[in-house]
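**Student:** First, the structure itself, so that you have it in front of you.
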Amino acid sequence: STNNKDIGSLYLWFSFIMFLTGGAMAMVIRAELFQPGLQLVEPNFFNQMTTVHGLIMVFGAVMPAFTGLANWLIPMMIGAPDMALPRMNNWSFWILPFAFTMLLSSLFMEGGGPNFGWTFYAPLSTTYSPDSTALFVFAIHIMGISSMMGAINVIVTIVNLRAPGMTWMKLPLFVWTWLITAFLFLAVMPVLAGAVTMVLTDKFFGTSFFDTAPGGDPVMFQHIFWFFGHPEV
């Protein structure tokens, strides 16, 4: 279906499933922290749980939930029959299950899944990371593409599909917040894509963006990441 309400519901169900998945990982984390010392899982697996829990909660639970609400509510609030770009709307949802399947499958790779925190600071994510970093980077790219397509859809819908008489100053606050959020998504998602691509090339292709020895700077990673991170949050 390309119906905005169907896609909104798909987003909300997907978000709920990811919320339960990330919640299960949080339970592993809390159980491990219940007493001092090793009890349930190995330290490396604990780190993987921390990383994937964060990524799933941010990109899989929170963002798709808000996008699902946007799909449901924005057309109704502005008097539009649907989102402006319904087929792209469909695509921006359906790439998400594949992205998260790929992220979760990285946990079963030799060396384990990503184990460097959801902010994946270099050099933890470059020099000291497992080979599954490649899957993690590709998953992040797909999530970013999904967010950007969703944002484009929101902007075009609000600008072009308002009912007659629905002036800018009559838009509900929810619509305004989403319009601003969508522009933020468009501004910061390519920056995240750049950051993870630099992580990928540092790890697998011999670049040294974040390696101090040839003249790179790991703090630069933090600047690039949080240029994305705070508008995103």
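All positions are counted from 1 along the displayed chain.
Keep in mind that glycine also has a Cβ here, set from the backbone N, Cα and C atoms.
Sharing the record's features from TrEMBL:
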- 1-233: domain 'Cytochrome oxidase subunit I profile' (DOMAIN)
- 12-31: transmembrane segment (TRANSMEM)
- 51-73: transmembrane segment (TRANSMEM)
- 93-113: transmembrane segment (TRANSMEM)
- 133-161: transmembrane segment (TRANSMEM)
- 173-200: transmembrane segment (TRANSMEM)
**Student:** Which sequence positions outside the transmembrane segment (51-73), separated from its termini by at least 6 residues, show Cβ-Cβ distances below 8 Å to it?
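**Tutor:** Beyond its ends, the transmembrane segment (51-73) has Cβ neighbours at 4-5, 7-12, 14-15, 18-19, 21-22, 25-26, 29, 83, 89, 92-93, 96, 99-100, 103-104, 107, 113-120, 136, 139-140, 143, 147, 150, 154, 174, 178, 181, 232-233.
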**Student:** Calculate the per-residue pLDDT averaged over the domain 'Cytochrome oxidase subunit I profile' (1-233) and state the result as an integer.
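**Tutor:** Within the domain 'Cytochrome oxidase subunit I profile' (1-233), the model's average pLDDT equals 96.
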